[in-house]
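Trainee: So TrEMBL lists these for the protein:
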- 20-37: transmembrane segment (TRANSMEM)
- 57-77: transmembrane segment (TRANSMEM)
- 89-107: transmembrane segment (TRANSMEM)
- 113-133: transmembrane segment (TRANSMEM)
- 154-171: transmembrane segment (TRANSMEM)
- 183-204: transmembrane segment (TRANSMEM)
- 211-227: transmembrane segment (TRANSMEM)
- 233-257: transmembrane segment (TRANSMEM)
Amino acid sequence: MQKSSLKRSKNHCNPQNAPIVNIIVYVLFLGSNIYTVASPSDIYFTGKETYITPAPWAFLIWTLIHILLLGTIIYQFFPSGKPTIIDSISFRLPLLGLLNAIFVTLWARQSYIAAFVFALLVSSAVTHIYYIVKKHHASQSLADELFIHLPFSLYHGWSTVLVVLTVFEAFGNDALHEKAGVWTKVLVFLALFFLEATAATYAFSTPEGDLPASIAICWSLFAIFAHQRSSGFIHWSALAFALLSLVWVLKGGYGLVLRSRASGGIRLEDPERAPLVGGN
């Protein structure tokens, strides 16, 4: 009887504490990314250079994710946002923020193997939230799209890119000191193909596709193309895959327009339809 009462008490307290926890972890998450920009080491220009490193402007996508997640943090206080953010996503949101803060800190300190491990954990956490949102919470309003569906779709696509980037930083050649051999070129080509194929999978996950996730990958592929100049093979391969991913972005945009016209508003998912992208 006493245990049951304590359990009910804990379950009753958790929803009340959840918004505060989300705010604290969001500040931690934001602070870790600000550190990478404000730190004297200037990590975006002094980190390990690999044969898949993108141009520094690729990481501007963090800014958009932060802005959208700030909207998520505010939206959790509204009746329409609470059921999804507090009740369904629940502890997974602060867990994601904590894992991401650790990942960014490790990456900024150039602990690349540990950063790769946490990139996988971040990707796993995002995937779980992504599945919950897409599977069980169809968008009912523009606010749902902007502050629930959009941030986690964009985050999911970006986390896939981060896993690919960090695996090369952890185990790949240093492009400043080692030339790209045949195997390096093959592995980079396969990584670029994987990213483009993932963008295609997003595009066909529903009739409308998942536009934000495809954009995150397309953006990154163009950044890789812009930055990789030492190997012509890698440079032009990145461009080819970037252009292919752009096709999937356009496909998603076209499907979204058709869906919007048919339904009289923007609504990306039906309740009974789950995305085909379930994990990385």
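Indices start at 1 and increase along the chain as displayed.
Glycine too: its Cβ is placed from the backbone N, Cα and C atoms.
Values in this document were obtained by computation on a predicted structure and should not be read as measured data.
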Trainee: Are the transmembrane segment (233-257) and the transmembrane segment (183-204) close enough that 3 or more Cβ pairs fall under 8 Å, when only pairs 6 or more apart in sequence count?
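Mentor: Contact between the transmembrane segment (183-204) and the transmembrane segment (233-257): present.
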Trainee: Please check if the transmembrane segment (57-77) comes into contact with the transmembrane segment (154-171), where contact means 3 or more CB pairs closer than 8 Å and the residues in each pair are separated by 6 or more positions.
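Mentor: Yes, these stretches are in contact.
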